[in-house]
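Engineer: In case it helps, Swiss-Prot gives these features for our protein:
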- 57-84: region 'Disordered' (REGION)
- 57-73: compositional bias 'Polar residues' (COMPBIAS)
- 98-132: domain 'Tify' (DOMAIN)
- 168-193: motif 'Jas' (MOTIF)
- 170-177: motif 'Nuclear localization signal' (MOTIF)
Amino acid sequence: MSKATIELDFLGLEKKQTNNAPKPKFQKFLDRRRSFRDIQGAISKIDPEIIKSLLASTGNNSDSSAKSRSVPSTPREDQPQIPISPVHASLARSSTELVSGTVPMTIFYNGSVSVFQVSRNKAGEIMKVANEAASKKDESSMETDLSVILPTTLRPKLFGQNLEGDLPIARRKSLQRFLEKRKERLVSTSPYYPTSA
């Protein structure tokens with residue numbers, strides 16, 4: 001039983017020509033731009049893993065003759081025959097990653113992006129080291145924050161009560177009068193200030 005080759009036009013490049021009348025040059029230019037835009041739109045919707053596998057499979061056929069390149073090749077067993085939707089793409093990627101043994105690891109650091117191919121064990125170790133370093137940094141920042149906060153909270157003094165020695169006597173008395181008047185104003189304008197009966 002022979003296998004029939006079926007070619008599907010996923011990109012929609014082969015449009016049916018209804019009229020065979022010659023087109024003006026400008027119309028040909030517009031059609032060319034439209035078809036290029038259609039190709040870009042279709043390629044942007046395809047899963048990147050499928051494109052990579054297609055490019056890899058065409059790279060393997062580069063030693064064959066030009067005659068065999070014009071005929072569509074039959075898909076191999078390990079390649080998906082139908083494009084996988086993005087929802088199921090993670091399932092397909094995980095199976096290919098298990099075979100290869102390495103996974104891409106993207107690191108964002110100091111404004112730069114780096115991608116490395118590392119094994120799963122190595123990626124886990126890197127993540128563990130990064131988490132430990134981040135937790136140590138958080139603990140050290142908490143210790144410094146507490147050292148700044150605790151001395152001020154251990155001294156529960158109101159503003160204006162510890163003015164001896166900092167200012168000259170005239171300023172000190174003036175500032176104390178100002179703070180007393182301010183305190184009276186705040187108390188008198190509070191919503192729960194008891195009115196005299």
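One is the number of the first residue shown, and numbering goes on along the chain from there.
Every residue, even glycine, has its Cβ placed from backbone N, Cα and C.
Context for these features, please: burial, neighbours, distances.
Structural biologist: Averaged across the domain 'Tify' (98-132), the predicted model reaches a pLDDT of 80.
Note on the motif 'Jas' (168-193): DSSP counts are 20 helix, 0 strand, 6 coil.
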Engineer: So, by DSSP, how many helix, strand and coil residues make up the domain 'Tify' (98-132)?
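Structural biologist: Once the DSSP states are binned, the domain 'Tify' (98-132) shows 16 helix, 16 strand, 3 coil.
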